[in-house]
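Copied from TrEMBL, the annotated features are:
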ACT_SITE  130  active site, proton donor
BINDING   16, 100, 198  [4Fe-4S] cluster binding site
BINDING   45, 78, 128, 226, 227, 228, 270  dimethylallyl diphosphate binding site
BINDING   45, 78, 128, 168, 226, 227, 228, 270  (2E)-4-hydroxy-3-methylbut-2-enyl diphosphate binding site
BINDING   45, 78, 128, 226, 227, 228, 270  isopentenyl diphosphate binding site
Ligand code: SF4
């Protein structure tokens with residue numbers, strides 16, 4: 001039985017600026033106001049991150065009725081609907097919004113175009129909290145399509161003022177195909193000036209494309225609920241590479257590595273680097289002797305924290 005020889009690390013991989021910011025918001029809220037801090041939904045879709053914050057005093061809830069009066073509440077990076085926002089305000093919580101600014105940008109666009117009379121076609125995955133949050137920016141007028149077949153079925157009330165928006169963490173190639181189908185059916189549809197799919201999703205998918213040409217197996221570190229992590233695994237499979245997604249190093253199975261010389265390793269935008277390191281150690285224990293990073297797009301973007309959680313400048 002041959003063993004893996006080399007691990008090739010994707011770059012970029014792991015945390016994006018929106019995830020960094022969301023986790024920091026919860027950590028700072030814990031420091032400033034003390035435990036417990038309530039968080040609506042998993043702050044980001046990663047088991048390790050959620051458990052770590054739970055240990056520090058965060059309580060994750062789905063329904064606002066579970067949050068006691070006067071509590072501090074953080075909205076997750078995926079964003080919330082207007083109804084959730086209004087209910088949280090009405091209940092009088094101290095609120096910090098960890099919605100990724102790139103998701104908020106889509107919300108702002110929807111609100112602005114709705115005022116001009118637009119109806120929307122949203123490309124996304126049904127039931128994902130980001131989709132619920134974006135669709136919930138309006139009471140009606142956003143139609144969800146998940147694939148090309150849905151585009152043929154969708155029935156907007158009018159087609160003169162129609163705009164397309166997308167979830168930020170889709171497969172870039174699938175979204176392009178679905179958008180093309182929307183354009184073919186509704187030629188005057190308005191498309192975002194810059195795609196709604198975020199830079200982090202795009203860059204991590206680009207890195208998997210580069211890596212897939214060089215490896216026999218792809219491992220993606222990410223939780224099953226993480227949209228962008230799932231898309232990375234699917235992309236490698238589409239490119240003809242066997243690929244597995246693992247939430248932790250313990251999930252790696254020795255039989256995956258049989259006959260494999262080079263292993264590609266990446267991580268979704270919500271997966272911390274510590275898990276990547278643990279996966280590297282485990283693959284080394286299975287025989288890999290070298291680790292090499294395949295250079296890719298450098299990411300320097302950082303998002304500011306909300307007011308009230310910034311460190312005050314020393315006087
Ligand atoms: S994956 Fe993209 S949209 Fe989601 S938190 Fe990261 S930067 Fe924001």
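Glycine residues also receive a Cβ, built from the backbone N, Cα and C atoms like all the rest.
Everything TrEMBL records as a feature, shown here on the structure.
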residue : record                                 : contacts (Cβ under 8 Å, 6+ apart)
16      : [4Fe-4S] cluster binding site          : 198, 199, 200, 269, 299
45      : dimethylallyl diphosphate binding site : 223, 225, 226, 227, 229, 270
78      : dimethylallyl diphosphate binding site : 41, 99, 100, 103, 128, 129, 130, 133
228     : dimethylallyl diphosphate binding site : 169, 200, 201, 204, 222, 268, 269, 270
**Fill in**
Span of the recorded isopentenyl diphosphate site, as the biggest CA-CA distance among 45, 78, 128, 226, 227, 228, 270 in Å, is 15
**Request:** Write out, in the order they occur in the sequence, the residues of the chain not among 45, 78, 128, 226, 227, 228, 270 that have a C-beta within 8 Å of the mean position of the C-beta atoms of the recorded dimethylallyl diphosphate site.
**Result:** 44, 130, 169, 225, 229, 268, 269
**Request:** Filter the binding-site residues 45, 78, 128 down to those with CB closer than 6 A to an atom of ligand 1; keep them in sequence order.
**Result:** none
**Request:** By Cβ count within 10 Å, point out the most packed of the binding-site residues listed: 168, 226.
**Result:** 168
**Prompt:** Quick one, of the binding-site residues 227, 270, which Cβ has the fewest other Cβ within 10 Å?
**Reply:** 227
**Item:** Sorted by sequence, non-16, 100, 198 residues with Cβ within 8 Å of centre, [4Fe-4S] cluster
**Value:** 17, 18, 19, 77, 102, 103, 168, 169, 199, 200, 201, 269
**Fill in**
Mapped onto three states, the DSSP assignment of the residue listed as 'active site, proton donor' reads helix
**Secondary-structure category, per DSSP, in which residue 228 (dimethylallyl diphosphate binding site) falls** = helix
